[in-house]
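According to Swiss-Prot:
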BINDING   108-131, 216-239  NADP(+) binding site
BINDING   Gly181, Gly183  K(+) binding site
ACT_SITE  Cys186  active site, thioimidate intermediate
Amino acid sequence: MRIEEDLKLGFKDVLIRPKRSTLKSRSDVELERQFTFKHSDQSWSGVPIIAANMDTVGTFSMASALASFDILTAVHKHYSVEEWQAFINNSSADVLKHVMVSTGTSDADFEKTKQILDLNPALNFVCIDVANGYSEHVVQFVAKAREAWPTKTICAGNVVTGEMCEELILSGADIVKVGIGPGSVCTTRVKTGVGYPQLSAVIECADAAHGLGGMIVSDGGCTTPGDVAKAFGGGADFVMLGGMLAGHEESGGRIVEENGEKFMLFYGMSSESAMKRHVGGVAEYRAAEGKTVKLPLRGPVENTARDILGGLRSACTYVGASRLKELTKRTTFIRVQEQENRIFNNL
């Protein structure tokens, strides 16, 4: 046993210090990034935000809607090959280039993903969907995936420390997913006591990944557009969003009605709801590590997407970053004990 004394921070613990700016308008900010990935050698350009690979967020409908904003969607792994074929037949090449194919790490998952990728060459992203990226099995699966799909861009995780981030990159991952426990419907931290404050995880993993030519995606912990800006400011190349994109028409959650008001169910992928739906229930040897919540219906996702992108542009103007790429080097975090004036929050 050992104790680390270093302070670790989450998004709620900091604000971004404003700096002089020559920008006249938020419209002057360029949010599009251009990347060439380490292993796949694929080039990509777009807004580096990803809808999470949850079946109440990462749907085909979400992918179609967010593609118009140049945003990626990690489509959840529970669609059948036949459903993928129907989606591909009805989607433009522009939509498909904004799609990540999610997979588990079993042999059956591998074969299914192979079939999906063979359906259309425009599917260039693979997202390896595992809660615990510290398992040797995950490292082996990443290496297997890299050998099988040398030109596909592979995202793998989840981890929160630099040494494991490096291990996944050296095994073949182009992008490492960073985050254990910060999600809005994740209960891993309270069920297991395991986790890491998200901002510190992003800062440390970005440093490790960038030293090897890899990239990271901050996965979880964002509740506002300001948190998205903090993740990018901390060094994230991509930011993955779940709860912020849940409850919309495109989110895919089941709609329930109470007292004449309609709600959409949103749950973590290790929750009892998810396991009942996909594997028949919670196995006797494990605990559910997610919760289910009822969200008021939020309408089309386009309004939320505009709000997130608008907040991100505004953050860039406050620090003088004309491009999202510049946000990290222009970010100075200050530690705080309050984020906002909450006097009217309950009205």
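Cβ atoms are placed via backbone N, Cα and C, with glycine included.
Considering only the recorded positions Ala108, Cys186, Ile216, Cys222, Val228, the Cβ with the fewest other Cβ atoms within 10 Å is that of Ala108. Cβ neighbour counts within 10 Å, taken over all protein chains shown, single out Gly234 as the most crowded of the binding-site residues Gly181, Gly234. Take the Cα of Cys222 (NADP(+) binding site) and measure to each of the recorded positions Gly181, Gly183, Cys186: the nearest one is Gly183. Cα to Cα, Lys114 (NADP(+) binding site) and Gly181 (K(+) binding site) are separated by 30 Å. Here the candidates are the binding-site residues Ala108, Asn120, Ile216, Val228. The one whose C-alpha lies nearest to that of Gly183 (K(+) binding site) is Val228.
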